[in-house]
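Remarks on the structure that follows.
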Amino acid sequence: MNHGVYQNLFIDSLDSVDPQIAEVLDLELRRQRDFLEMIASENFVPRAILQAQGSVLTNKYAEGYPQNRYYGGCECVDLAEDLAISRVRDLFGSEFANVQPHSGSTANAAALMALTEVGSTIMGLELDHGGHLTHGMPLSFSGKHYKAVTYRLDPKTCLIDMDSVRDLALRHRPSVIIAGWSAYVRHLDFEAFRSIADEVGARLWVDMAHFAGLVAAGLYPSPIPWADVVTSTTHKTLAGPRGGFILAKKEFGKAINTAVFPGQQGGPLMHVIAAKAVAFKVAASEGFRERQRITIEAARTVAKRIGEDYRLRDRGIDILTGGTDVHMVLVDMRKSDMDGLTGQNLLHEVGVTVNRNSMPYDKRPPRITSGIRIGTPALVTRGLSLDEFDEVADIISNALLTIDLPKQKQRALRIARTHPVYEGLRQY
């Protein structure tokens with residue numbers, strides 16, 4: 001049998017085997033270089049993470065856990081997973097860690113499976129008030145398999161009112177209380193959540209997917225002393241590969257391991273786990289902590305500049321809660337003729353990437369929304385200064401006011417090209 005044709009496909013580079021996909025990679029690299037990435041859930045991973053994720057570990061199947069696999073030949077990938085586990089435990093001071101979840105949503109599903117029974121009552125922040133799909137949204141597994149009740153933000157302050165959370169918990173007696181968010185710009189009171197959970201006999205699960213990097217840097221309260229289980233993604237503020245992990249008190253370790261495998265997944269992605277290990281090592285560095293500090297300061301700079309722009313206020317556009325304590329800014333358009341989708345598209349037109357986002361008590365549908373979410377992590381990773389973030393905020397304001405869009409695009413491109421990303425990177 002002549003294997004020559006396949007052998008060529010096996011050893012040839014991507015541009016030879018599949019030029020169409022090679023072109024997609026080139027186009028995306030160009031987009032990332034020339035746009036100002038301000039989606040709060042995105043970041044740029046270090047080149048070392050790209051290398052780990054694109055490694056020969058892709059080839060290895062490893063169902064089970066280190067030193068207890070269902071396949072042979074796992075002695076090398078065991079080393080990678082053991083490193084990832086020990087590093088993330090040390091990083092956050094946790095008794096237990098599982099680094100196998102393919103995503104944050106998978107980690108969340110496993111957390112619920114480990115903590116409670118199908119059909120039981122769970123309680124989390126409502127989606128359009130800043131929660132996440134997996135915290136009880138009706139179309140999600142969390143809303144289909146569990147009886148979900150949701151707490152809302154105070155209509156005046158747009159903050160979580162812990163007295164209201166307590167009243168809701170006493171009324172519904174959930175088995176799991178969820179503290180966490182995808183769009184909330186202030187700190188959570190984990191001690192108060194713990195007190196409420198204890199009062200009603202609930203488990204406390206914290207989803208720190210968005211703020212894990214801030215916790216690692218000591219710039220956001222740690223949920224570890226208070227929560228029974230903590231879930232997170234490894235991207236966003238952690239700037240690692242796309243994936244998830246679970247931290248917990250030791251007593252929940254066995255249930256979580258079973259919930260992840262075989263409960264939610266089969267074989268883990270060992271190349272991604274190796275990349276997670278790299279991310280956890282980087283996150284323990286002083287340079288990472290400094291970057292997180294700048295990330296928050298940059299978000300505050302953007303919030304202040306946009307919030308103080310009288311031209312936007314005259315159009316009914318403001319900053320939700322008047323500022324931020326985290327890596328994101330929520331631009332509130334509920335009183336404006338402009339909607340979130342229009343704002344997102346205008347910013348994309350000038351080379352700034354954001355996402356539209358529902359606001360508390362939003363009257364517009366989710367595909368339109370009354371706000372946009374702006375994040376600073378990716379641009380801080382690129383090296384922008386606070387003065388440059390001030391200019392970026394001015395670009396955003398002018399774009400939302402439709403003032404000389406070609407000029408705003410030129411300004412954004414100049415800033416982007418001042419801070420090149422992945423210089424000299426060979427993708428194939």
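Placement of Cβ uses the backbone N, Cα and C atoms for every residue, glycine included.
Here's what Swiss-Prot has on this protein:
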- LEU127, GLY131, HIS132, LEU133: (6S)-5,6,7,8-tetrahydrofolate binding site (BINDING)
- LYS236: N6-(pyridoxal phosphate)lysine (MOD_RES)
- HIS235: site 'Plays an important role in substrate specificity' (SITE)
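Feature annotations (Swiss-Prot) mapped to structure.
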residue: LEU127; record: (6S)-5,6,7,8-tetrahydrofolate binding site; contacts (Cβ under 8 Å, 6+ apart): LEU133, HIS135, GLY136, MET137, THR150, SER358
residue: GLY131; record: (6S)-5,6,7,8-tetrahydrofolate binding site; contacts (Cβ under 8 Å, 6+ apart): GLY124, LEU125, MET137, THR150, ILE178, GLY180, TRP181, SER182
residue: HIS132; record: (6S)-5,6,7,8-tetrahydrofolate binding site; contacts (Cβ under 8 Å, 6+ apart): ASN108, GLY124, LEU125, GLY180, TRP181, SER182, ASP207, ALA209
residue: HIS235; record: site 'Plays an important role in substrate specificity'; contacts (Cβ under 8 Å, 6+ apart): SER41, GLU42, ASN43, VAL45, PRO241, ARG242, GLY243
residue: LYS236; record: N6-(pyridoxal phosphate)lysine; contacts (Cβ under 8 Å, 6+ apart): ALA40, SER41, GLU42, ASN43, ALA209, HIS210, ALA212, GLY213, PRO377
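In sequence order, GLY124, LEU125, GLU126, THR134, HIS135, GLY136, MET137, SER140, SER182 are the residues of the same chain, not among LEU127, GLY131, HIS132, LEU133, whose CB sits within 8 A of the CB centroid for the (6S)-5,6,7,8-tetrahydrofolate site.
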